[in-house]
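What TrEMBL annotates here:
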BINDING   Lys159  ATP binding site
COMPBIAS  77-90  compositional bias 'Low complexity'
DOMAIN    131-400  domain 'Protein kinase'
REGION    77-110  region 'Disordered'
TRANSMEM  47-67  transmembrane segment
Amino acid sequence: MGSYHRKGFCDGVSTGMEGWQKSSGSSLSQVQCSGFLRRLYRMSSSLAAIVGGVGGAIALAIVMGFGCYCCLKHSNSSNRNSESGSSDPSAVVELKRGGGTSSSMVPPVAGPQGTAAQFTVEELEQATKNFHESNLIGYGSFGLVYKGLLRDGNFVVIKRRIGAPSQEFIEEVTYLWRIWHRNLVTLLGFCQERGYQMLVFEHLPNGSMCNHLYDTGLESTTKLEFKQRISIGLGAAKGLCHLHSQKPPIVHGNFKTANVLVDENFIAKVADAGVFKLLQRIEDAGPSSTSHVNVFRDPEIGQPGMFSEINDVYGFGVLLLELVTGQEASHIDSFGSNESILRWVETHLSSNDFVDRRLVGSFTAEGMKDFIRLALQCMGFPGKRRPKMEMVVSELDRILEKEITLTTVMGEGSTDVALGSQLFTSEIG
C-alpha cells in the first residue's frame, strides 16, 4: 500500500533547536553485520588457535553466537526509531498493555514492523470514565476527541466516530500506523466495537500551538521567541514532508495550526496525519473538514476531496504567517479588515505593525525577511509555483541556523528593527 519508514530528504538536514541528533544510520545493515561477524570470526579463530582443541572450538562457538545475537538485537530495537537514529524514549509512546485478550470484533492488525494495538471498548471506557464530558477536549474531522488514562499509566487521546466495523478501516489504520515519524503524532491503535470506530493517539502535554501562539494570554505564559517559532515551523514542515515523500504521497488535507501539537520540549508534531485519507476511503461523502469555512483551505481547491500536496503547502504558509503575527488567521477581520491573512500581511509590508509585539528583540531583520518571503511563496498563485515541502524544510533549516548564529554573535535582535518597504517591496511578491 506504500513504503514504510522511508528515509529521505525530510530528515537529512540539521534540526536546529529540536534537540535530537542527525542519523549516521538507523540500524546495522546486512553489510555492516556481516563485516562485524567476519571480524569476530577472525578474533575467535585466533583465540581458538591459542586455546586449542575442544576449548578453542567452544570459545569460537560462544563468540560467534554472541555476535549474531548483537546484530539481531540491534536490528529489532531499531524498527520504530526515528529516521534520525534517535532513541529518545519520548519519541515513541510504547504501550504496555494490561493482561487479557481483546474482545474486539476483528483480529489484531499485524505487519512487517509489528502489531498495532487493538483496544477493547471496555479499556477505552475505563480510560475516559465512560467517555465522560469532563474528558471531552474537542471535536475534529474524525469526531469527538477525549483524553484518557490507560491502566498502565499512559495518557492518550481517543478520537471517536459513529461507524460500522469495516475491513477498509483496519487496512487504513494498519498503513497509517506504519508511517511513523518524530514530527507526526503517533497513532497507537484502534477499536471497532458497538457501532463506533476509534483511533488512539499519543498525548502531548503542551497541546496545540493555538494555546501558546495566539495573543490571548489565556493558556500559556511561555514566551516563544523567533528562533523557537522557526523551530516549531521546521518540525511541522518535516512532518508534512514525510507524508508527501510516501509512495504514493499522503496528502494531509486538513493542515492547520490547531493540528500542530507540541511536546514537553516544544518539538512540533503534526496531528491527524492520514485521517483525511482514511475518511475518504470509509465514507461515501467527503470528510466533514471540507464542508466548513477554513482559512487554511487553498482557494485553488475545486471539488471537495480534490486535494494535492500543493494545497497542504498553502495551509503551511498560513501557519508561518500566524507564527509571525501571533494572530489567528480567521480573526484578522478584528483588525478592521475583511481580507485573508495573506492579503492583510501583503498590504502591511511597508510597516512593522503586523509582526507579533512579543517578538521584539528576539529576531534579526534578515531572518524575519526570509521567513516572511517563504510564507508568501507557500501561499503563492498559481499553486504549481509553490515550493515543495522538501525545499521548505531546507529553507527553514537555513533560516534557523543563520538566526541562531547572528543572534549569538550580536546578542539578541535589535529592538528597533525596521520592517518597511526597503526590506520587502523589491524582494517579496
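Cβ coordinates are placed from backbone N, Cα and C, and glycine is handled just like the others.
Neighbour list (Lys159 (ATP binding site), Cβ cut-off 8 Å, at least 6 residues apart, same chain): Gly140, Phe142, Gly143, Leu144, Val145, Tyr146, Met198, Leu199, Val200, Phe201, Val275.
Lys159 (ATP binding site) falls within a strand segment according to DSSP. Within the model, the domain 'Protein kinase' (131-400) shows a mean pLDDT value of 87, rounded to a whole number.
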